[in-house]
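Undergrad: Shown below is the structure under consideration.
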Amino acid sequence: MRLHKRLKQNKSLLPSNSTILLAISGGQDSMALLKLIIDLKRLHKWQVEIWHGNHQWHSKSEKTEEELKLWCLKNQISFHSNKADKKEVANEEKARDWRYKNLIMKAKFLSSKNIHFPCTRILTGHTATDRAETVIMNLARGTDLTGLTTLKEQRTIESNIDLTRPLLIFNRNETLEICKDFNLPIWIDPSNENINLTRNKIRKEILPILNSIYKGADSRIASVANRLESYNEDQKLFAKIAIQFCQGEKINSLSRIKLFGLTNSIRQIILSNWLKTMGVKRITALQIEEINTKVSQRKPPGSIHLHGDFLIRWNKEAIYISNKTN
């Protein structure tokens, strides 16, 4: 089994003798994930817990939650759920934050209930296809290297809690085959059919064209993102050292004079990573290019406003960043 082989290669992904919390929507990807994890449960001595987030986005939300709950009870799988307030999930970003907030709270609760089987892993059903969609979307928006390495296999989201995506080695066609082979129920989310949403348009219209031209294009795009991830980690380490070298007199500043002595591409890497370490969550490659151009040698003092009430300003000697909320 492919997942079992991957877990043997990287034992830290899903440690044995622990509780793992699966985010299950009821769609084909999450149901395939649930089946694969349940099959490996006894071998790895896992306590498997299910969490379902009811966004109440459509008329079938309640029915999906109830049917999924009954299916889990029938199969002796522990089930948990939360219902969202409409204000909490007004858009996809808020909905994602709501899901992770509730998943983290549930993981902490499960750990407190069983200290011998702590819940240190939260699993989602993201696949290679999801990763390819994200790469295409970020490329179209304009991104730096970090934007091409999103949807990592594992990342820490809270102290002692990692978000793990075991299905990145599968594409969406393969998760559908798993569901068919094992006669698993699938609950369709109507919101995934709305092509006015960017990701859905990529999923329904763009990726199928790429896959028809180059069979398995989604998996190969995801594979490129995986290879770039390693390169990106090396770049971050380099940037950390470079930022220390270019540190200004104040903690929220960089020496503009030191930046002058570096190449254009290195300056952009330093600026991008510095802004992220200072708390700027949304920054495009075009914005980095604009900042880099405006702070280059012989350019006059100035300022630029960024997302999240951040302000970058510069004079002859240094570049500063501040936030109105601080």
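Sequential numbering from 1, following the chain as shown.
Any Cβ shown, glycine's included, is placed from N, Cα and C.
Keep in mind that what you see is a predicted model, and the values were worked out from it rather than measured.
Okay, these came from Swiss-Prot:
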BINDING   SER25, GLY26, GLY27, GLN28, ASP29, SER30  ATP binding site
Undergrad: Determine, for the ATP site, the additional residues of the same chain whose CB lies within 8 Å of the mean position of the CB atoms of SER25, GLY26, GLY27, GLN28, ASP29, SER30; present them in sequence order.
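TA: Going along the sequence, the neighbours appear as ILE24, MET31, ALA32, GLY125, ILE186, TRP187, ASP189.
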Undergrad: Check the DSSP secondary structure of SER30 (ATP binding site), expressed as helix, strand or coil.
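TA: Going by the DSSP assignment, SER30 (ATP binding site) falls within a helical segment, counted as helix.
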